[in-house]
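The structure appears below as structure tokens.
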């Protein structure tokens, strides 16, 4: 019988102080014993490691999910399942989500605690490196939170399994559901509000867009980051103009807000559909499905589809599991401060099932007399489907890659007896990848009795409906007469179209939509301004590429670089595409013709299909002139050349070897692909991502980029310093293939490896006093007694690496080694001891990353500061959208507005007031007054045009149109300004009362930006003159309005107008005008009309 700890509880914390920096971390050894009767055999003891942060603020905190382990043991004790003579011990030490500390904890658990399996890690910072180390040490790793996504290829972690279904699975369910229901046009709406703790938006958003973009028409994609109901409502209103089927990617709290906004907008009529995606959350939507708390459903829920796992809320014992975990967490040793079941992490259920699955697998292997301590054999048993489990999270069955498959259901409000409930409507089989009706008698209660259409009958813009022709007596005769003619034309057209299609097929021109899935719409990429990025240099705009400085594709569409005389590097434009940061490499407009070639299209498709961790991901190309460009993943650290150049100290040997490994692995993949070789290998084409992993770029698409697959190195415009890494046999050719040769890649690797050894950022021949043209001439000279090569010092690195470099740059291509043998040599030259390598690498990585960030910050601080000054100044002069267009280098076209309302005001007696005041006092007076005005108008939908002296000009209805609200907005604002003016006190003349006179007029105007130096947003038209006349003919403390404004206010209702009479207006003759006296319910006092004035006027 396995021994217990000293207390009566089977779970007791044991605190100890570890070595070094872990002395102050809470450590916990969870002693969980399965006590079984033993006859003659000695009990087997298995110690299992557990990795999760202690801090309760973390969503994967031990204090939120740790008791999931104890519940497993309680079940095994109370419900024996024949696990034999085994006792279990779980050890835990806080690693605070630090990759370095997690490594130390894991190594300590393996070497001292002799753990047989690891559950975790729960933090993404440590997942990849611990997964690799666990695979190296043959220790099974159970990922219960889905952090092993970085190791997508199970080859890299062949002892890992993941119990959380991948988010790509729910995207596939959504895709098949939309196909089944026949909905082709969709909108995507969602985000994360300030008070929402949902952290899956980015990952889920990317998975959904990746799964839908090539199969459906995404008419709108809107994200929010605010909890403002007004903003949500405005975004949903805009979405409703172009989409009837709306996919919501958000938390359950935000989903309820959005559905309420739909009710407020009148979108609950049954014409709109809201599809909610649910992966792990247990709050509101679980209550909906389990009918726990929701009794009555609002009408809008009849328009809701919910996609969730089929076992969502229905696992064995699920009803009481969260309650049990919550109770255990509040007891020792966890002593969690959680106060309700809602604070228990839903991942505790996956932790529970992971441990139970491991226990059952151990027992199955014991029965089969297999070594359950062999991690690979144990994981192979799981991947073979030999062990299944009906757990808290539903059926647990793993595929051959160690990933869990979960069936999903589509839930809808259906009739069940005499009430409506959310019940399964469709069922998705994750193994067969098909979707079927849940049952034949399901009766979904849509408001209009049938499934809604994905678009209105006449289209969103009424463009699908035509006016019906008049029905006259002779119409039938006319139509009948033209039927033969129309029939002939239709048949002739069909024959012509058929012939054209056959001709195109014979010419092998690929034209069906499936052949252009790699095309990216340029407007689907959001270009990021510099201050939002943390990379060195400045993005090069499309317009700047053709200036007088030398432009080169340093990474051949991996990272466009622009060189100036001071050798400062400027990176390619960076944008956001489908949630990914991407780099854009612009190609000449002549590529529009090249991309139509079948060979180019096939190669673009091939580039999209190349997937390897050491290859820069290729997203596609934009083919719309003048923005023809190649879109690849953005690598934050720049190129290998930048890493070497910006390093103030010698790069550690472990990093150099790591970079060399990455290059070799990438080239091995390329040489085994249809591309066969790289052809342009050099430091600027070796990009480094934020994880310091090297990825190759700059290969392929030669015909698309240059119009030919051949190139000449003898052109005068060639930058010879870029040819240092090109093999001499290729340099000697009059025309050589752009893709190079495998032997040429070996030579390029040798020069590149020598650059790494010597860490020379300015080329391998920087210590040779000769022009680049001369160096290239000497390299390709076949008669040279000793071929020219860069200097190579023996003491700079391992002797085997130096010898490898010499072999790889051999003059004879046939004598150069191949990359499999190069990889073997690198492995043999690597230091021994995996623990020390990984520990050292993590420490160096943190130091190196911090150093690079300091360099980035230092080099960009001044540029960012200057740019902010310009943007701030521009925002005070022009409307925001005008400023954005000017910054983007676009011209701002004048715009005609059919109806706006303009406000003019000035100060009565301002000239006399100025004569009694000093210039400084006048400036202070105007600043105080117009600062008060500026603050007041912020609560109205108006735009301040300008101030000239004591004149103040405001307009509504532009630059953003607001329908018929402009007169209402200006009138209410004028009343507020008149009210605040009566209480305004002049600083240097407190006894004086400031008197404002105001004029309003409504009519059409033209607005535009005038000038290049100090540009202004100006208004033109007779409406401006008339508004000025209304102000100049007004009286003190009065609002003078024209007849057109009065009509608009009467239509709006609630305003008190008084007829002034007929006055003479310059240039307009006699005009009937009015006084604006007030408004119903206006909350602040206004100056009163005198009785004498009232006698003259007639109240309407």
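Backbone N, Cα and C atoms are what each Cβ position is placed from, and that goes for glycine too.
Given the ranges 482-502, 503-523, 524-544, 545-565, the record in Swiss-Prot names 482-502 as transmembrane segment. Neighbour density around each Cβ, counted as other Cβ atoms within 10 Å, peaks among the glycosylation sites 55, 94, 217, 225, 238 at 94.
Between the CA atoms of residue 225 (N-linked glycosylation site) and residue 238 (N-linked glycosylation site) there is a gap of 16 Å. Taking 55, 94, 217 as the glycosylation sites under consideration, the smallest Cα distance to residue 238 (N-linked glycosylation site) is found for 217.
Per-class residue totals from DSSP over the domain 'Guanylate cyclase' (901-1031), listed helix then strand then coil: 52 helix, 41 strand, 38 coil. A distance of 47 Å separates the Cα atom of residue 217 (N-linked glycosylation site) from that of residue 94 (N-linked glycosylation site). Taking CA atoms as the reference points, residue 94 (N-linked glycosylation site) and residue 55 (N-linked glycosylation site) are 9 Å apart.
DSSP assigns residue 238 (N-linked glycosylation site) to a helix.
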